[in-house]
Amino acid sequence: MPTSHIEKKGAKAKGKSALQKAARLASTQRSHFQKTASTHVTYLWPAATDLHVSCNTEDSQIGVAAAAAAAMAIRNFWSMAAAAVGFRLVLVLFGGDLHLASRPEVSTPLTSIRRLAEGYWLKQASMSPYSGSMYHGSPLLLSVLGPLTNKSLIFVAVDFIAAMLIRATGRRLQIARNRRLKSLELTEAVSNSVNVSAGDIASLIYLWNPWAIVTCVGSCTSPIENLMVVIMIYGACSRLAPLAAFGYVMATHLSLYPAILIVPIILLLGYGPDAPPTKVFRIKRSSASKTGVSDNDKSSRSRDVQQFLWKPVFHFILWMLFWTFYVLLLSSIVLNKVGGLQEMFKKTYGFILTVKDLSPNIGVLWYFFAEVFDFFRSFFLIVFNMNIVFMVLPLAIRLKHRPCFLAFIYTAIVAILKSYPSVGDSALYLGLLGLFANELAEMQFTFFLFFGYIGVSLLSPVMHNLWIWRGTGNANFYFATGLAYTCLQTVLVVESVSSMIKHDRKLRLLVTA
């Protein structure tokens with residue numbers, strides 16, 4: 001009896017010390033995350049310990065208030081979306097001539113509605129729309145937008161459809177994210193956190209982005225290009241091969257650069273929406289086998305591990321070939337007797353790759369090729385065009401488990417390095433950035449980036465006015481704003497990738513803990 005009594009007391013002491021250690025570990029991790037992370041990502045610490053440690057009253061009140069704020073934002077989504085659409089309609093119908101179509105930040109030689117009107121007039125006069133080196137867009141846009149070049153409401157509808165597809169994509173990503181976290185037994189991370197609706201946030205960011213508004217009101221073709229990219233991403237997230245192929249073919253037809261998005265599209269169709277790294281699931285499965293988990297739980301976790309499916313990819317390739325043939329057939333019909341496909345490729349893709357138009361824009365290539373010697377022009381054309389291609393493979397290898405985020409990164413890189421950029425390109429990737437509001441909550445330099453974008457938006461028209469109209473400046477003034485704009489986008493891309501990698505690393509540490 002005395003021996004058993006001593007053993008019981010020792011067991012109680014050991015259990016008490018273990019509970020004290022666990023409580024100290026929980027409090028340490030909690031204080032660490034309160035110092036380093038924002039309020040809406042403090043879901044990580046309870047999942048790490050999986051202990052029933054009670055929160056104090058103040059923290060619970062903060063969590064309830066934040067959750068109520070998130071719910072309020074979701075409830076007001078449709079009113080905010082309607083206000084954004086109404087604001088566009090007011091500017092289009094009653095805003096008068098805002099001269100946005102002539103702004104170099106808004107309109108480029110590829111997206112200018114005035115150049116499209118010129119091409120449409122040439123086609124109506126039985127001449128090639130590409131004669132005179134004015135129009136460099138798709139011949140299909142001539143048939144669709146040609147009669148609607150004066151205060152058309154089609155761009156408002158295009159923006160609204162793109163925003164709704166972004167919202168639907170965000171909801172699919174959110175469902176996949178919650179399911180994967182639950183399979184990793186991070187259920188408290190899903191239930192106790194302020195799990196913001198990334199789809200609603202991304203949609204509202206796109207609708208209320210001033211750059212998206214000015215491109216819509218300025219009636220340039222950037223919203224249509226953005227819509228095709230969004231259709232492609234939504235179709236791939238939903239594993240709708242015909243829709244994804246249609247968006248990909250049309251986006252590549254309107255602008256050459258979305259061709260690199262075939263890598264994340266194939267990964268989305270094969271692996272599905274974004275998920276934690278496969279290594280995290282393997283660690284969880286190995287730990288479960290050691291602790292003696294049932295076979296049903298093991299099979300459910302093995303299903304959550306990303307397995308590449310070739311069937312939707314094969315369907316995507318077939319549909320891509322079909323849509324390519326169909327688009328080229330329609331283009332040849334539109335250009336019948338006034339041109340041909342060879343001239344179309346030369347005046348569209350060739351114009352993009354050779355950078356023949358050196359009119360000022362928000363990018364940096366126009367200034368560089370205006371200064372470079374003609375002897376080195378071909379060399380630097382190859383260098384700048386290959387810069388985009390060189391980044392495709394390394395990013396795909398590192399972020400293959402997050403193909404939708406990879407598509408966002410590729411879109412941002414294209415906006416930085418394309419030959420004729422506009423603020424409409426930035427409006428697209430900033431909208432896609434909202435899809436990862438939960439994962440990128442700890443991204444650094446957000447204050448600097450936010451006000452940097454505002455500063456560039458205000459300084460760019462001022463510098464352009466000083467250079468072109470007042471004559472008190474020179475090209476360096478406007479180029480400086482373009483250079484600052486490029487640097488800001490580069491910082492955004494680097495910080496986004498770094499934050500996503502840190503997020504995946506935290507998930508792995510939580511699972512191993």
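The backbone N, Cα and C atoms fix where each Cβ goes, and this holds for glycine too.
Unlike curated entries, TrEMBL annotations are predicted automatically.
Worth saying up front: this structure is predicted, and the values here are computed from it rather than measured.
The transmembrane segment feature in TrEMBL is assigned to 77-96, 148-168, 189-208, 228-249, 256-272, 316-336, 348-369, 375-397, 404-420, 448-469, 475-498.
Beyond the ends of the transmembrane segment (148-168), by six or more residues, the same chain brings 81, 84-85, 88-89, 92-93, 113, 116-117, 120, 199-200, 202-204, 206-207, 212, 215-217, 219, 223-224, 226-227, 230-231, 234, 431-432, 434-435 to within a C-beta distance below 8 angstroms of the stretch. Contact between the transmembrane segment (348-369) and the transmembrane segment (228-249) does not hold: fewer than three of their C-beta pairs are under 8 Å, each pair 6 or more apart in sequence.
The transmembrane segment (404-420) and the transmembrane segment (316-336) are not in contact, since fewer than 3 Cβ pairs between them lie under 8 Å (pairs 6 or more apart in sequence). Only sequence-distant pairs (6 or more apart) were considered; of these, fewer than three Cβ pairs between the transmembrane segment (228-249) and the transmembrane segment (375-397) are under 8 A, so the stretches are not in contact. Outside the transmembrane segment (475-498) by six or more residues, the chain places 360-364, 367, 370, 395, 398-399, 405, 408-409, 412-413, 415-416, 426, 433, 436, 440, 443-445, 448-449, 452-453, 455-456, 459-460, 463-464, 466-467 with a CB less than 8 A from a CB of the stretch.
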